[in-house]
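For reference, Swiss-Prot has these:
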- Gly170, Asp171, Arg172, Gln173, Thr174, Gly175, Lys176, Thr177: ATP binding site (BINDING)
- Ser363: site 'Required for activity' (SITE)
Amino acid sequence: MVKIRPDEISSIIRKQIEDYSQEIKVVNVGTVLQVGDGIARIYGLDKVMAGELVEFEDNSIGIALNLESDNVGVVLMGDGLTIQEGSSVKATGKIAQIPVSDGYLGRVVNALAQPIDGKGQIPASEFRLIESSAPGIISRRSVYEPMQTGLIAIDSMIPIGRGQRELIIGDRQTGKTAVATDTILNQKGQNVICVYVAIGQKASSVAQVVNTFEERGALEYTIVVAEAANSPATLQYLAPYTGAALAEYFMYRKQHTLIIYDDLSKQAQAYRQMSLLLRRPPGREAYPGDVFYLHSRLLERAAKLSSQLGEGSMTALPIVETQAGDVSAYIPTNVISITDGQIFLSADLFNAGIRPAINVGISVSRVGSAAQIKAMKQVAGKLKLELAQFAELEAFAQFASDLDKATQNQLARGQRLRELLKQSQSSPLAVEEQVATIYTGVNGYLDVLEVDQVKKFLVQLREYLTTNKPQFAEIIRSTKVFTEQAEGILKEAIKEHTELFLLQEDK
């Protein structure tokens, strides 16, 4: 029989007592009263914050949005099919945040920054809040560097600068996404990080955009945040903020970023759905009262940072869809008042074969020529004026039968200028090519051609310049000025190419 030694037992007990520590963990817990339509009503959770993440028994997550006297309204980030009435909910003490890193470049993620492209996990050591405050007045400086879109109509007449917010607005099927994606394609080699946020779109449309980026080598500097039309309203509402948080990560590291929200009408609809289900009082068009704040707090995060903060920038191109060209609806007027200008795309122009279908008359950039290089300012000044006069004359010419020679010449010039603005999708032009194209048009070198020859002539002229006069592009790129030497080279090239072209056409 083993002899029990009291001193050994007492030392074991003493050790156990010394090692004992009493941990008190306070968890804020509530009970599900009701669940359905992506909304849960919770009893309890007394100390929950507005916007705090809460965790259900099935490990699904929700956001506490409505804090009422007797219950908490939570929006779910999933379908909520496994959440049962009476089950417990605990507050996490965290506000929605996402991991951020350089590893996100070239990836497709959802609104929670989780990869959905099947290429494995994304390594990240840093986190950013999805909703963070915008830079203040002292943290910013005025916009002065151009953000080239590669589209002649925009870069010459509605220029966009780094740190600007420019709205792209138009009816469905007018080429809004095409303008935005062309801008991303044009950032190749410009050292700009692009974020494309797809909200409530068909998954097939997003796949098409991602394929275009991949084929053109644009995916390596782009992050795609996608929430398809079948995603819960909560995730469609969060997606733009996730995109902004990813872009901010790069902006505060002294880099230039471009973010596209495609489109904010769908985000507003998702937010309206959530608000109505939470029984918040509806306002105009049944949107909640704070729908303006929904977009203003998002778009104010776009900025050009001051030199103390490293001069990084975040340029935002929000897209808004109109119904039958009605720009005076609630969401369009809200976003127009928040942004620094708008590019208006017209269905009539699109159907008339003018693509990109930009209505230059009512499109505007509130940054203006500050966002253009000197060479572009030198050649583009006359373009907008001549097009405006042409639009006026064209309306008048419909009623007048006999027009004098000067008016006929002006109409002919206007038709050729309008032809000059046409561009194929996914073929953005470098700024030196744009300068050459505009100069050719406004100085009457296209007047000798038929209208249907203009596009072909300009394509060939740009090729001719690249192969035979590479010094022209070099001067514009290095000096950013349309010098007398550059003008001389261009005039010579136009003269030589016109002779060749007319000989070809006569055969």
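Yeah, the Cβs are placed from backbone N, Cα and C, and that goes for glycine too.
This view paints the features noted in Swiss-Prot onto the structure.
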residue : record                       : contacts (Cβ under 8 Å, 6+ apart)
Gly170  : ATP binding site             : Lys176, Glu321, Thr322, Gly325, Phe344, Leu345, Ser346, Ala347, Ala357
Asp171  : ATP binding site             : Glu321, Thr322, Gln323, Ala324, Gly325, Leu345, Ala347
Arg172  : ATP binding site             : Glu321
Gln173  : ATP binding site             : Ala347, Phe350
Thr174  : ATP binding site             : Leu345, Ser346, Ala347, Phe350, Ala357
Gly175  : ATP binding site             : Leu345, Phe350, Arg355, Pro356, Ala357, Gln425
Thr177  : ATP binding site             : Ser205, Val209, Asp262, Ile319
Ser363  : site 'Required for activity' : Met157, Ile158, Gly341, Gln342, Ile343, Phe344
Shell of the ATP site beyond Gly170, Asp171, Arg172, Gln173, Thr174, Gly175, Lys176, Thr177, same chain only (C-beta within 8 angstroms of their C-beta centre): Glu321, Leu345, Ala347, Phe350, Ala357
Lys176 (ATP binding site): tally of other CB atoms within 10 A of its CB: 25
